[in-house]
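Per TrEMBL, the features are:
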- 18-36: transmembrane segment (TRANSMEM)
- 112-348: domain 'Sulfotransferase' (DOMAIN)
- 121, 122, 123, 124, 125, 202, 210, 327, 328, 329, 330, 331: 3'-phosphoadenylyl sulfate binding site (BINDING)
- 121: active site, for sulfotransferase activity (ACT_SITE)
- 310-322: disulfide bond (DISULFID)
């Protein structure tokens, strides 16, 4: 009888242990699912792995707010995400999940496939802002200066600066200093031999005056434009090494790029036409990038106060979008004799540039 009692006691202890282990398992499983349920806020470190079965535009409409916020915070504000334009006709994705059946859209950081190289005060900021209307372009807002100042930080650092993009979107950035920095063509070529390069050029005299206007807005009590233009005003010798003058020697700078890239990889945007006919110039850029012409004249209006084209009211905004106060500054009046000297100086350089670029920009 005692042995039977002991036998039942053993069975009871075993059952108690099983019950405790089962309870612990249920508790752990509940905790796991509770934690898993809290991960629906799409933290940045797992966004790369999210499979997207719908179009890029629909993906951004679904995840855009938290996605863009995390991307911006992760790069200290370096990323300027392209706005989601849902009202444009003719976009690659119409919003239907069946547009690209079976295609896996995954957001990730990639090295750029296109660069806006320059030139300073040529209209690079305007071009970038206009291009960001296109849903197939993801552009970095700030100038990273990787190939001219921060090359030692390496490609992984450079890639980390790029905005996340979906398959089929073009990643790009703009740093106007690249065009005139001797080391950049070789460095960019080592990253990508097939990259597309965009250069905004403007009458070098107007560009130089605009450059000087920016300088005096930041640094006061500097000599006049006329004084800095000449090595010796008495002899009329132009100081071609003064940065505002030197940058306008486009042929000299282009030679370095043609040593690494074919002319077919370089697209020149006419700076003056970017102001007078922004849709026409943007159409050519979209063609160059292999994109559908989505940005058209219906997106622009001319602001007479600033003297520049602005974007019409984007969807969801009550105000038009114009460039900041630093754009469209009033230029100082320059002595007509100095302008004539600069025209004579730049004339042979411009002709050589027209020949190299394969087009006449009409600067007199």
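Including glycine, each Cβ sits where the backbone N, Cα and C put it.
All annotation found in TrEMBL is predicted automatically rather than curated by experts.
Taking the C-alpha positions, the distance from residue 121 (3'-phosphoadenylyl sulfate binding site) to residue 310 (disulfide bond) comes to 17 Å. Across the domain 'Sulfotransferase' (112-348), mean pLDDT in this model comes to 91. If you take the Cα of residue 210 (3'-phosphoadenylyl sulfate binding site) and the Cα of residue 310 (disulfide bond), they are about 19 angstrom apart, rounded to a whole number.
When the alpha carbons of residue 125 (3'-phosphoadenylyl sulfate binding site) and residue 310 (disulfide bond) are compared, the span between them is 12 angstrom. Residue 121 (3'-phosphoadenylyl sulfate binding site) is surrounded by 24 other CB atoms, counting those within 10 A of its CB over all protein chains shown. Applying an 8 A CB threshold to same-chain residues 6+ apart, the list for residue 330 (3'-phosphoadenylyl sulfate binding site) reads 213.
Reported as a whole number, the C-alpha separation between residue 123 (3'-phosphoadenylyl sulfate binding site) and residue 310 (disulfide bond) equals 13 Å.
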